[in-house]
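Working notes, structure below.
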Amino acid sequence: MNQEEHVKLLGLWGSPFSKRVEMVLKLKGIPYEYIEEDVYGNRSPMLLKYNPIHKKVPVLIHNGRSIAESLVIVEYIEDTWKTTHTILPQDPYERAMARFWAKYVDEKVMLAVKKACWGPESEREKEVKEAYEGLKCLEKELGDKLFFGGETIGFVDIAADFIGYWLGIFQEASGVTIMTAEEFPKLQRWSEDFVGNNFIKEVLPPKEKLVAVLKAMFGSVTSN
C-alpha cells in the first residue's frame with residue numbers, strides 16, 4: 001500500500017463502535033494500521049489531534065485526513081472503496097432504510113440495553129421492556145433474510161454488531177436477560193451467522209476478557 005493510500009484506525013479493543021470499522025475494512029480487504037487508544041486514561045496526542053471535538057474512538061485517518069463516528073466512517077469507506085463487498089444498496093430508498101435501521105440500533109436498542117443492564121434499578125423493568133420491543137422490531141425487519149443486507153453482510157448488519165456479539169456478553173456480565181433464542185429465533189440465527197463469518201470473527205474481542213472487564217466496571221444485578 002503506497003503512502004497516499006495509508007489507512008490508520010485509532011480504536012479500543014472492546015468497543016463495538018471501533019469493531020464496526022475494522023469489520024468493514026476486513027470485509028473489503030483494505031490494509032490498515034491499527035493503533036490502540038487508552039480512552040479511559042491518557043488519550044494520545046494523535047487522538048487529540050485527529051478528533052479534538054469528541055476525543056473518542058474510532059477515528060479513521062486516510063491520506064492524513066481524519067473521520068470520526070463509526071457509522072460515518074463506515075459510509076466513508078463504502079464511498080471510497082466501492083469495488084469490493086458493497087455494504088450499502090444502490091437504490092436511494094433502500095439506502096435510506098438502511099441508514100434508518102442503523103440509527104434505530106444506536107439510538108433505540110443499544111441505549112435501552114445499556115440502561116437495562118446497568119441503569120438505575122428503579123428504571124430497569126421499563127428499560128428491559130424497551131430493549132425487548134426494539135429487538136422485536138429488528139426481528140420482524142430481519143424476517144427470513146440471511147442478513148439484514150440480504151445474502152451478504154451489509155450496513156445494518158455492521159451497525160447491529162452489538163446485538164450479534166456484545167448483547168450476550170452484556171447479559172452474562174450483568175445478570176439481566178433481554179434476548180433469548182426462544183423468543184428471538186431469527187435474531188439468534190442471524191447472530192450465529194454474523195459472528196461466524198471469518199472476517200467478522202477475526203476482529204471480535206475475547207468474550208471472557210470483556211465479561212470480566214464489564215463486571216469489574218459495573219458489577220452485576222445478581223451480585224447486588
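Cβ from N, Cα, C; glycine included.
Model, not experiment: these values are computed from the prediction.
Database features, via Swiss-Prot:
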DOMAIN    5-85  domain 'GST N-terminal'
BINDING   SER15, PRO16, ASN42, ARG43, LYS56, VAL57, GLU69, SER70  glutathione binding site
DOMAIN    91-213  domain 'GST C-terminal'
MOD_RES   THR152  phosphothreonine
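Shown for the domain 'GST C-terminal' (91-213): DSSP residue counts in helix, strand and coil, namely 91 helix, 2 strand, 30 coil. When every Cα pair among SER15, PRO16, ASN42, ARG43, LYS56, VAL57, GLU69, SER70 is compared, the largest distance found for this glutathione site is 21 Å. Look at the recorded positions SER15, ASN42, SER70, THR152 and count other Cβ atoms within 10 Å of each Cβ; ASN42 has the fewest. It is 20 Å from the Cα atom of SER70 (glutathione binding site) to that of THR152 (phosphothreonine). Candidate binding-site residues: ARG43, LYS56. Fewest other C-beta atoms within 10 angstroms, ARG43. Each residue of the domain 'GST N-terminal' (5-85) gets a DSSP state, and the totals for helix, strand and coil are 31 helix, 17 strand, 33 coil. Within the same chain, residues at least six positions away from GLU69 (glutathione binding site) with a Cβ under 8 Å of its Cβ are HIS54. For the residue listed as 'phosphothreonine' paired with ARG43 (glutathione binding site), the C-alpha to C-alpha distance reads 36 Å. Taken together, the residues of the domain 'GST N-terminal' (5-85) have an average pLDDT of 96.
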